[in-house]
Structure formats: C-alpha cells, structure tokens
Amino acid sequence: MGKENCTTVAEFILLGLSDVPELRVCLFLLFLLIYGVTLLANLGMTALIQVSSRLHTPVYFFLSHLSFVDFCYSSIIVPKMLANIFNKDKAISFLGCMVQFYLFCTCGVTEVFLLAVMAYDRFVAICNPLLYMVTMSQKLRVELTSCCYFCGTVCSLIHSSLALRILFYRSNVINHFFCDLPPLLSLACSDVTVNETLLFLVATLNESVTIMIILTSYLLILTTILKIHSAESRHKAFSTCASHLTAITVSHGTILYIYCRPSSGNSGDVDKVATVFYTVVIPMLNPLIYSLRNKDVNKALRKVMGSKIHS
C-alpha cells in the first residue's frame with residue numbers, strides 16, 4: 001500500500017451490524033431488550049448474592065464476579081451500538097476506540113478464565129463434597145478470582161500497547177459494531193504481523209488452557225454422576241452440567257472462530273454475527289443459565305422479595 005493512501009486518524013467510523021434502514025427499529029428494540037435483561041439479570045444476581053447469607057458460598061462468590069464482568073462486558077459495547085443505529089455520525093474517537101478495545105479485551109479474557117475456575121469449583125463440589133468448603137477457602141477464592149482479572153488485564157495491555165504503535169491507516173471506516181482488534185489491524189498501513197501473531201498465540205493459549213481445565217473438570221464430574229444411584233439426582237446433575245456446557249460451548253466456539261484463525265483480519269458479516277453471540281447474547285444468558293433452576297437462588301429471591309413486601 002502506497003504511503004500516499006495512508007494517514008493518521010483522529011476518529012473511526014463504526015459501520016455497525018446493518019445499514020438497511022428498514023432494520024433499524026427492529027435491531028434497536030431487540031438489542032435494547034437484550035441489554036435491559038442483561039442489566040437486570042446480572043446486577044440483580046450480584047445484589048442478591050450480596051444481601052442473602054444463604055448464597056455466601058464459593059459457587060456464588062464466583063457467580064457474582066461472572067455477573068459483574070458480564071455487566072461490564074455488555075455495557076462497554078451495547079450502549080454505543082444502540083446509539084449508532086440511528087446516528088448518521090457513527091464516529092468514535094481514536095482514544096475512545098482504544099479504551100473500548102482495552103476494556104472489552106480485559107472483560108473477555110477475565111470471563112474465559114472465570115468460567116474455567118467455576119468448572120473447577122463444580123468439580124470440587126460434586127466429586128469431593130465433604131472437603132468442598134475447606135478446599136475452596138476464602139483465600140483460594142480471592143486468589144483464583146484475582147488471577148482471572150490479572151490475566152485479563154495483562155492480555156489487554158499487550159494487545160492495546162501494540163495497537164497504539166500503529167500510526168497510519170488506509171481508512172478510518174471499521175466494518176464492525178465496536179472497536180475490535182482484527183478489523184482495526186485490517187486497516188493498518190504498517191506491518192502488523194507481530195500484532196496478528198500475538199493475537200493468535202495469546203488467544204489460542206488462553207483457550208487451550210481454559211478448555212483443558214473445563215473438559216477435565218466436567219469429565220471427572222460425569223464419572224462421579226454415573227456412580228450416583230438415584231435416577232432423579234443423576235438427571236438433575238446431568239441437566240445442570242448440560243446447561244453450563246451449552247453456554248461455555250457457544251462462548252468458546254465463537255472466540256475460537258474469531259481469534260484463533262491466523263490472519264483473520266477482515267471482519268465480514270459472518271464474523272459480526274458470530275461476535276454478537278459472545279458480546280451481547282452470552283452476558284444475558286449466563287446469569288439465567290447458572291441460576292434458573294437453582295433452588296438456593298429461588299429461595300433467596302423469594303425471601304428477599306417477601307421481606308420487601310412485608311416491610
């Protein structure tokens with residue numbers, strides 16, 4: 001690419017999901033509804049866990065952090081996406097774009113590791129119930145959660161610092177609904193081989209480590225479940241694990257598709273639709289999947305609602 005076609009940029013233009021005028025209202029209402037449910041479910045779950053002593057256990061400690069990350073995850077992307085649906089000026093400043101990517105990457109990597117930690121927590125709870133509270137001590141819970149946030153922050157700093165070194169772009173139009181790294185790299189004039197290689201390697205390493213932890217945990221859980229004599233208890237355990245694995249599969253599957261392909265620079269329409277699942281849909285589904293059929297959560301919610309009504 002000739003230097004005459006390259007320039008520094010003060011802002012980027014986000015094309016969004018679709019430029020079809022007839023779809024604007026439908027898309028706006030759909031994503032507004034999803035965002036509303038996401039806020040209500042995740043903030044509600046976090047608040048319920050804090051106020052209910054019944055839920056002061058390791059599994060809900062991790063779930064409260066997952067809900068917090070999902071709330072942040074969604075809030076980083078969806079409000080700007082909703083505003084751009086009707087805005088003629090779909091601009092975002094260069095700094096705003098970099099900040100959005102940094103926060104998005106931090107939350108994304110943190111969530112991936114949190115899901116692995118939660119799978120390990122389920123393994124300890126089901127396979128070693130008598131030692132569960134001793135094994136998953138307050139100290140270990142804090143250390144594991146801190147490690148998740150640390151990994152997210154480090155990965156984000158690596159990618160963001162390298163992205164900030166790109167000075168010239170051949171265009172400022174991003175074919176996406178938020179500032180993600182692959183479409184940004186596709187616009188760069190300079191050599192971004194290091195960026196693309198690191199993105200591929202870091203994403204692949206994170207996915208490999210966390211998927212290995214998750215699969216190992218659930219295989220051991222499955223082995224334990226098969227030894228349960230009660231058909232009802234076995235069915236309950238299977239259904240719970242199946243719902244958890246569904247959420248994990250969708251989340252990890254889309255991440256593998258988007259980021260674990262060498263030189264996946266151009267963000268086409270298929271990539272954007274795939275990205276919607278783990279940036280918009282999964283943050284809404286996670287609190288529902290992890291608590292919908294949970295008796296402890298339902299009892300705690302009824303108790304809190306009952307006390308509010310009678311107060």
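Numbers here mean position along the shown chain, with the first residue as 1.
Note that Cβ sites are derived from N, Cα and C of the backbone, with glycine treated the same way.
Since this is a predicted model, take the numbers as computed values, not measurements.
Both LEU164 and LEU219 are recorded by Swiss-Prot, but within differently named topological domains on opposite sides of the membrane. Comparing CYS97 (disulfide bond) with ASN195 (N-linked glycosylation site), their Cα atoms are 17 Å apart once rounded. Between the candidate disulfide-bonded residues, CYS97, CYS189, the densest Cβ environment within 10 Å is the one around CYS97. Within 10 Å of the C-beta atom of ASN195 (N-linked glycosylation site) sit 22 other C-beta atoms, taking all shown protein chains into account. Tertiary proximity for the transmembrane segment (238-258) is limited to same-chain residues at least six positions away from its ends with a CB under 8 Å from its CB atoms, namely 108, 111-112, 115, 118-119, 122, 182, 203, 207, 210-211, 214, 218, 221-222, 225, 264, 271, 274-275, 277-278, 281-282, 285-286, 289-290, 292-293. Note: the topological domain 'Cytoplasmic' (218-237) comprises 16 helix, 0 strand, 4 coil (DSSP; helix = H, G, I, strand = E, B). The DSSP secondary structure for CYS189 (disulfide bond) is coil.
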